[in-house]
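Q: This is the structure I have questions about; it appears just below.
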Amino acid sequence: MSFFKKFFGKSKEEQIDASSVQEEKLEQELLVEDEVLEEKEKAEEVQEEILKETTEKLTMGSADILVNDEVSVDKIEVLEEILEADLETNDEALAKTDEEEVENATKLSEETEKKGFIKRLFGGLTKTRDSILKGVDDVLSNFRHIDEDLYEELEEALIMADFGVETTLHIMESLKEKVKQEKITEPSALKVALQEIITKLLTDQPREEILNPNGPTVILVIGVNGVGKTTSIGKMSHLFKSQHKKVLVAAADTFRAAAIEQLQVWVNRAGVDLIKHEEGTDAAAVVFDAIAAAKSRKSDVLICDTAGRLQNKTNLMKELEKISRIIAREYPEAKKEILIVLDATTGQNAIQQVKLFKEVADINGIILTKLDGTAKGGAIVGIYESLKVPVKYIGVGEQINDLQPFDAEIFATALFKES
C-alpha cells in the first residue's frame with residue numbers, strides 16, 4: 001500500500017483528481033464571488049449616482065424653497081404694511097367717527113335744548129300773545145271795511161299791549177302804507193300785515209356776535225336790583241360753557257348784601273369759577289384781580305357783576321368809569337360788552353331804565369328776563385325802535401338753560417302764532 005493511500009486512504013492519482021476538482025470548484029466560487037462583488041460595486045455606483053442626483057435635486061429644491069421663502073417674506077411684509085396702513089386708516093376713521101359722534105351729539109344736544117327753549121318761549125309768551133291777538137281780533141271783528149276808525153282802535157289795542165306810543169305810531173304808519181301799496185281791502189288781512197311789520201321791526205336789529213371769535217371777551221352786566229342780574233349771569237355762564245368756552249365770573253357787586261353768596265350759588269350750578277373779595281371792598285379791585293386770573297387761566301369770557309343802585313348816579317358813574325379804565329389798561333386785547341338786564345314785567349318802565357343807565361354807560365345790548373308769565377312782552381318790540389339798543393338775550397323761566405340768544409323771527413312767530 002502506498003504511503004498516500006495508507007496515510008490519506010486514497011491513491012496519489014485519486015488524491016490529485018480530488019484536488020483538481022476542489023480547485024475547479026474554488027475557481028468557480030471565486031468567479032461567482034467576483035461577479036457578486038462586481039454587481040455590488042455596480043449597485044453602489046448606482047446608489048451613489050442616485051444619491052448625487054437626489055442631493056442636486058434637494059439643493060435645487062432648497063434654493064426654490066429659499067426663493068419661495070423670500071417671496072413669502074416679501075408678501076408677508078407687504079401684507080403687514082397693508083394691514084398696518086389699514087389699521088392706521090381704521091384708527092383715523094374711528095377717531096374721526098368718534099369726533100363726528102361727539103360733534104353730532106353736541107349739536108343734537110344744542111338743537112334739543114334750543115327746541116326746548118322755543119317751546120318754553122311759546123308757552124311763556126301766552127299772556128302777551130293773548131293780549132295782542134285778543135285786542136287785534138276784537139277790533140277787526142267789529143269792522144267790515146278798513147277806515148280811520150279801525151286804525152284808531154288798532155292803535156289803542158297795540159298801546160294796551162305795551163308796545164309803547166312811539167312804536168305804535170310807527171307801526172300804524174307802516175300799516176297804512178302797506179294797505180295802500182298792496183291794495184288790502186279786507187280787515188281780516190290786517191292781522192297778517194301787522195305780523196309782517198312787527199317782524200321787520202324786530203329783525204332790523206343788528207345781530208353782531210357778542211363774543212370775540214379771535215380773543216377774550218369781557219362782559220359788564222348792569223341793571224337795577226331785582227331784575228335778575230345774578231340769575232342771568234349764571235345762565236349766561238352755562239350757555240357759554242355749553243359752547244365750549246372757558247368762563248370766569250367776577251363778583252364786582254360788593255355793595256348789595258348777600259350778592260356774592262347768591263352769585264356763588266349760580267356759578268356753582270353753571271360749573272365755572274368765581275373771583276370774589278369781601279363785601280364792601282372796591283369793585284374795581286375785584287375786576288383787576290379777575291382780569292389777572294382770566295389771563296393766567298386763558299379764559300374766553302370774563303363776566304363781571306356790578307352794583308345795581310341808581311339812587312346815587314354819581315357814585316355809580318365813577319365806579320363804572322373806574323372799571324372801564326382798568327379793563328382798557330389791563331386787558332386791551334379783550335372785546336368789551338356792557339349788557340343791561342331788564343325785567344319784561346315792567347313793560348315800558350324798562351325803557352326808562354335803559355335811558356337812565358345810558359347816561360353812565362355805553363350799553364351794547366339788553367338781556368330781557370321774565371318773559372314768561374307777563375302780558376307786557378310787547379315792550380320788546382319798541383326797545384330797539386326807541387333806544388337803538390339791540391336785545392341780545394331773553395329769559396323765559398327759572399331753569400339754568402332758560403336764557404338763549406334773541407332770535408327775532410322765532411320771537412315774532414311766537415308772538416302771533418295761535419295755539
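Cβ coordinates are placed from backbone N, Cα and C, and glycine is handled just like the others.
In TrEMBL, annotation is done automatically, which means it is predicted and not curated.
This is the feature table in TrEMBL:
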type: COILED; residues: 23-57; note: coiled coil
type: BINDING; residues: 223-230, 305-309, 369-372; note: GTP binding site
type: DOMAIN; residues: 390-403; note: domain 'SRP54-type proteins GTP-binding'
Q: Against which stretches of its own chain does the domain 'SRP54-type proteins GTP-binding' (390-403) lie, if we need a Cβ under 8 Å and a gap of at least six residues from its ends?
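A: Non-local partners: 113, 116-117, 120-121, 123-125, 205-208, 210, 228, 231-232, 234-236, 238-239, 266, 269-270, 339, 364-372, 380, 383-384, 411.
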Q: Sorted by position, what residues of the same chain at least six away from K229 (GTP binding site) have a C-beta under 8 A from it?
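A: Those within reach of K229 (GTP binding site), by Cβ under 8 Å and sequence separation of 6 or more, are V221, I222, G223, D253, D305, G308, V341.
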Q: Quick check on the binding-site residues G223, G226: which one has the highest count of other Cβ atoms within 10 Å of its Cβ?
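A: For the binding-site residues G223, G226, the Cβ with the most other Cβ atoms within 10 Å is G223.
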Q: Using Cβ atoms only, which residues of the same chain lie under 8 Å from R309 (GTP binding site) while being at least 6 residues apart in sequence?
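A: Listed in sequence order: V224, N225, F255, R256, N315, L316.
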Q: With helix taken as DSSP H, G or I, strand as E or B and everything else coil, how many residues of the domain 'SRP54-type proteins GTP-binding' (390-403) land in each class?
A: 0 helix, 6 strand, 8 coil
Q: Would you mind giving the whole-number mean pLDDT across the coiled coil (23-57)?
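A: In the predicted model, the coiled coil (23-57) has a mean pLDDT of 60.
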Q: In three-state terms from DSSP, label K229 (GTP binding site) for me.
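A: Note: K229 (GTP binding site) is helical by DSSP.
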Q: Starting from the Cβ of T306 (GTP binding site), draw a 10 Å sphere and report how many other Cβ atoms land inside it.
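A: T306 (GTP binding site): 26 neighbouring Cβ atoms within 10 Å.
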Q: For L371 (GTP binding site), what residues in its own chain, 6 or more apart in sequence, show a Cβ-Cβ distance under 8 Å?
A: L121, G124, L125, T128, A344, G377, I380, I394, G395, V396
